[in-house]
Amino acid sequence: MGVIVTAALELGRKALRWHGPLMLFAAAMAVLTVVAAVGLAVDDRVIAGAPAWAKPLKFSISFVVYAVTWAWMLTFQRRARRWGWWAGTAIAVAGVVEMIAIVGQVVRGTRSHFNVETSFDNMVFQLMGVTISVLLVGHFVLAAILLAGRYGDRATASAVRLGMVISAVGLGLGGLMLSPTAEQIAAGERDDVVRTTIGAHSVGVPDGGQGILFVNWSTEGGDLRIPHFIGMHALQILPLVAMVLAVAAARSPRLHVAVRVQLVRIAAAGYSGLVALVTWQALRGQPLIRPDGWTLAAFAALVAVVVVATALALRGSPPNPDNSTAGTGIAASETPIKEGIPR
């Protein structure tokens, strides 16, 4: 326990030298998480079928994780530092504007996403579209820069790089929610109907119905937020897989770096398959918790392929008598990150 506490304190000390704007944004989102949690407890208003403060709470938690992850990854940057600093700063600023819009609409007692009911609501929704576009560009710029970063070992490098790519796909899947539904298109063609909504996260049913506790993913139809969420968080999941394998390697000689690289790639392939599967399921208007036979069969096949590939990777791995040189590759770079804009 003492070793874990010491390691955590050391990581916290290093984190103070990470990308300043991203870490400041993460701190602000941590505070907002507490505020939103209190709001969830004391404010009984319901907006679009969900507790009013549920969306700010979910988004603030997600942004804390997202910002800290990028700040950590930027410690491995070895080129285009100025570009990396500005891209990270753009993500932080875009996130701040996005959360101001979301919280502001909650205070007003109305929806933030897909809301074009009034000219002001439409302006807020359009502004959120701009902030998401900025965030996406920042994500792609950082991914392009960090694909050439230097990492502790090849397993960590694979996890970080593949995580960035899959996460970018997950972010892009959010664009599926912006397309107007058939009902919205039909309403827009009628002179006697005022269109109040453009886009939706539910498929086959209206937004605002019954949902899974907290995340509120639809239990009545498909929900495009699921592949968006799962894909986006590959940025954290795959490096976590690499970290777990690195810790296990200290006890298992078979888990030398070459095997860990294979296992990380298998995990990335399986994760990509999962993103594709839940996207397919959502687009067919099918709730996550009520998969049909085709979805179950596809999931079973995906699990089988991952299990077999993992078994083959481990079976074909001779023990490494000197696993101590493999390294975990997880700790942040020892190179200090200077405050301010890099030259």
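Keep in mind that glycine also has a Cβ here, set from the backbone N, Cα and C atoms.
In TrEMBL, annotation is done automatically, which means it is predicted and not curated.
Taken from TrEMBL, the feature transmembrane segment applies to 22-42 (among others). Nonlocal intrachain contacts for the transmembrane segment (22-42), taken as residues 6+ away from its ends with a CB within less than 8 angstroms of a stretch CB, comprise 15-16, 51-54, 56-57, 60-61, 63-64, 67-68, 70-71, 74, 88-89, 91-92, 95-96, 99, 103, 106.
Look at TrEMBL and you will find 57-76 (among others) tagged as transmembrane segment.
Annotation source TrEMBL lists transmembrane segment at 83-103 (among others). Within the same chain, residues 19, 21-22, 24-25, 28-29, 32, 55-56, 59-60, 63, 66-67, 70-71, 74, 77, 112, 124, 127-128, 131-132, 134-135, 137-139, 141-142, 145-146, 341-342 sit at least 6 positions outside the transmembrane segment (83-103) and bring their C-beta atoms closer than 8 Å to a C-beta of that stretch.
Sequence annotations record features per position, and here TrEMBL assigns transmembrane segment to 123-147 (among others). Listed by sequence, the residues of this chain that lie at least six past the ends of the transmembrane segment (123-147) yet keep a Cβ under 8 A from its Cβ atoms are 70, 73-74, 76-77, 79-80, 83-84, 87-88, 90-91, 93-95, 97-98, 101-102, 104-105, 112-116, 160-161, 164-165, 167-168, 171-172, 174, 178, 198.
Remote same-chain partners of the transmembrane segment (159-178), defined as residues 6 or more beyond its termini with a Cβ less than 8 Å from a stretch Cβ, comprise 73, 76, 113-114, 129, 132, 135-136, 139-140, 142-143, 146-147, 149, 151, 198-201, 224-225, 227-239, 241-242, 264-265, 267-268, 271-272, 275, 279, 283. What TrEMBL records for 159-178 (among others) is transmembrane segment.
Sequence annotations record features per position, and here TrEMBL assigns transmembrane segment to 226-250 (among others).
According to TrEMBL, the feature transmembrane segment maps to 262-282 (among others). Tertiary neighbourhood of the transmembrane segment (262-282): same-chain residues 155, 158-159, 162-163, 166, 169-170, 173, 176, 203, 222-224, 226-227, 230-231, 234, 237-238, 241-242, 245, 255, 288, 291, 295, 298-299, 302, 305-306, 309-310, 313-314, selected by CB-CB distance under 8 Å and a gap of 6+ residues from either end.
Using a Cβ-Cβ cut-off under 8 Å and counting only residues 6 or more beyond its ends in the same chain, the transmembrane segment (294-314) has close neighbours at 254, 259, 262-263, 266-267, 269-270, 273-274, 277, 280-281, 286. Positions annotated as transmembrane segment by TrEMBL: 294-314 (among others).
Summarising the annotation, TrEMBL assigns region 'Disordered' to 318-343.
Long-range neighbours of the transmembrane segment (226-250) within the same chain, counting only residues 6 or more positions beyond its ends whose Cβ lies under 8 Å from a Cβ of the stretch, are 62, 65-66, 69-70, 153, 155-156, 158-160, 162-164, 166-167, 169-171, 173-174, 176-177, 215, 217, 256-257, 260, 263-264, 267-268, 271, 274-275, 278-279, 281-282, 288, 323, 326-330.
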